[in-house]
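Some features that TrEMBL has for this protein:
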| type | residues | note |
| --- | --- | --- |
| ACT_SITE | 186 | active site |
| ACT_SITE | 262 | active site |
| ACT_SITE | 383 | active site, nucleophile |
| BINDING | 31-40, 122, 149-150, 226, 264, 377 | substrate binding site |
Ligand code: SUG
């Protein structure tokens, strides 16, 4: 078999990066569960539209698929998570458990019903085979231990990834890193891979906010870190990465306090390019210098696009999610930047995007999407996708019907329109009819996606 490290490989061995987008689940609502995430906190208790949320996500997938960007889908996890509520001492049949939980604390019910698995950038960290000493692709599901509603995701995420990436000769899906606060791991949202080509060896940058064995955060820090250095280091070891091609960088405390709860709110990389705000890292020049040297050692030159605060302030970066964009190369080799429409509504980010997309600029085209339902919970275009580099053999080994097509889009749109409500408030979650509606929907979904039994086991 030709090695992926071989740049002269035939086209059958050429690797492409797939964006696996999270399909928004039918219980999407705004519960304000994520302190440190200013959009989530601001929209607590407001009415959501799960149907629109799912359709907005599908619209983005379709548009990128039509541009020739390899696109796939990850289904939502089963909700409500009754296992959580039973573990917390609520008893009786399912309806009784929901009623008791609603009576005790509405937020527990919201946690059990949260559709947060849609933000699949937090599902796992992924390392392509080209970077791993054993020549396999590695996944480590994120423990998401910082927030209750997210900490319950990883057992089912692990099952899901093992069901999709099932071939043990090609894929390794690890267990999540143990879930202490000081081992918090939030997955690919804090991880960027830089490379000259998706199938070629790359440099992996892990960004953390907290230090497992460091001092307590100073009293001046407003929000806690969600990603810890030792969790990132564990993932790098699990993935059999070459330590000379791995870097660990610290987020700036100012960024976390401004609402950068994941590094992908302030930086995004693609191929040889890192697009970031000057306030992203604690030691910007040290980190970018080290990154440049690592990229040179692998054989390519880092293209760093740095945005300073006079161009776009830190607060504007957080409110527009300019950096939570997807930087993509389309089938014609053009560079696209996929942004939420909020970026075009604020003059600073709009002017910035206009400037970089003029002829000869860093990008060829700006694509904006209305993702407002997800944005109200702090999830932009980049949060909604997990990047997975696959060569033809790896792609062929995936039996689930998760690769995007016009047909899959049509089937999922029809499925969403038949099963999803168009209005949901946190207090509606106590309605036992919602549980039945969601169960029926998910049962049908596992057939559409050829993932037999996935929801039955949840
Ligand atoms: O973990 N929001 C998610 C948003 C995740 C965004 N992901 C990335 N940046 N990659 C979070 O904070 C809000 C749920 C609520 O409040 O109902 C929430 O979980």
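Yeah, the Cβs are placed from backbone N, Cα and C, and that goes for glycine too.
Not measured: the values here are computed from a predicted model.
Features recorded in TrEMBL, as mapped to the structure shown.
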residue: 31; record: substrate binding site; Cβ contacts under 8 Å, 6 or more apart: 40, 44, 45, 107, 110, 111, 114, 149, 426
residue: 33; record: substrate binding site; Cβ contacts under 8 Å, 6 or more apart: 40, 107, 110, 111, 114, 116, 147, 148, 149
residue: 35; record: substrate binding site; Cβ contacts under 8 Å, 6 or more apart: 41, 147, 223, 224
residue: 37; record: substrate binding site; Cβ contacts under 8 Å, 6 or more apart: 259, 261, 377, 378
residue: 122; record: substrate binding site; Cβ contacts under 8 Å, 6 or more apart: 116, 142, 144, 150, 153, 186, 187, 188, 189, 262, 383
residue: 264; record: substrate binding site; Cβ contacts under 8 Å, 6 or more apart: 121, 188, 189, 190, 323, 324, 382, 383
Exercise. Report the binding-site residues (31, 33, 35, 37, 39) that meet this criterion: Cβ distance to the nearest atom of ligand 1 under 6 Å. Use sequence order and write none if nothing qualifies.
Key: 31, 33, 37
Quiz prompt | Helix, strand or coil at residue 33 (substrate binding site) [DSSP, three-state] | solution = coil
Practice problem: Look up residue 122 (substrate binding site) in the DSSP assignment and reduce it to helix, strand or coil. | Solution: helix
Quiz item: What are the non-local neighbours of residue 39 (substrate binding site), defined as same-chain residues 6+ apart in sequence with CB under 8 A from its CB?
Solution: 259, 375, 376, 377, 378
Quiz item: What is the one among the recorded positions 150, 262 whose Cβ has the most other Cβ atoms less than or equal to 10 Å away?
Solution: 262
Quiz item: Which of the three DSSP-derived classes (helix, strand, coil) applies to residue 39 (substrate binding site)?
Solution: helix
